[in-house]
Amino acid sequence: MNNQITNVYIWDMDETLILLKSLLNGSYAEAFAGLKDAQKGVEIGKMWEKHILQISDDFFFYEQIENCNKPFLEALSKYDDGQDLSDYDFNQDGFSPPHDDLNKRKLAYRHRIIANKYKQGLHNILDQEMMDVWDALYKMTDEYTDGWLSSARALLEQCLAGNEDPTICNTIAGGVVRSNATGSRHINVLVTSGSLIPSLVKCLLFRLDNLISHENVYSSWDVGKLQCFQWIKERFDNRNTRFCAIGDGWEECEAAQAMNWPFIKEVAEMQLGQVLLNNCLSFM
């Protein structure tokens, strides 16, 4: 549909959709002037940190590719020759930093497996005991943060629905919704300052994977947020595409200004999510 409107929402992750750093350093609890148990917040943050690193290493090759960060999983796709990887031994393929085409291909293979695991979800990766631990930690964190995590999920869902009646929207896998009523399309994109693999694992652990697809997760670790925003514009842009950035940091704010996009500063109280959505849509 040539006249289809596409709304692209570009999200920051940490301290916007999830809380981690402010739990670990106690700043989240400090904001409540003694009403929150700061030590409990630190312990919750450490548990998340442990699970993120463990799952990244055990299932997503992070121990092998930690120093080979790329800004998105498709960055080396042109080196992937489509080889069947079902019997491929990733521990014996002699992978080293991808300075040549051979090792770029080996890294692209790993990225393909990571993308497939992301699409499958953690329930196809973790055993039941670990699933129970994860579920309990998520509930504990959501309760401690007064529903921050569940409210963030609801806000992402609202953006995908585009403020329309959800009964007339078809959900497409990967965090894209197309409205039957207007033909409009709504897409969530994540641009995080963290490295790519742990950021993908965070999306899985914090239950964002069905709202943000793996190809819509960008790491600005090496390239900066402005470069990521430029790539996103090139990827989605046409005369009917509208962009809106949401975050809490100066870098995404300056990048949005450079792109002449509306910027919504800090989700802060997630209970105000509908107001945020209305503001974002009114700017677009």
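Note: Cβ is positioned from N, Cα and C throughout, glycine not excepted.
Here is what TrEMBL says about this protein:
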| type | residues | note |
| --- | --- | --- |
| BINDING | Asp12, Asp14, Asp248 | Mg(2+) binding site |
| ACT_SITE | Asp12 | active site, nucleophile |
| ACT_SITE | Asp14 | active site, proton donor |
Cβ-based isolation winner (fewest other Cβ atoms within 10 Å) among the binding-site residues Asp12, Asp14, Asp248: Asp248
8 Å Cβ shell about Asp12, Asp14, Asp248 centroid, Mg(2+) site members excluded: Met13, Glu15, Thr16, Leu17, Thr192, Gly247, Gly249, Glu252
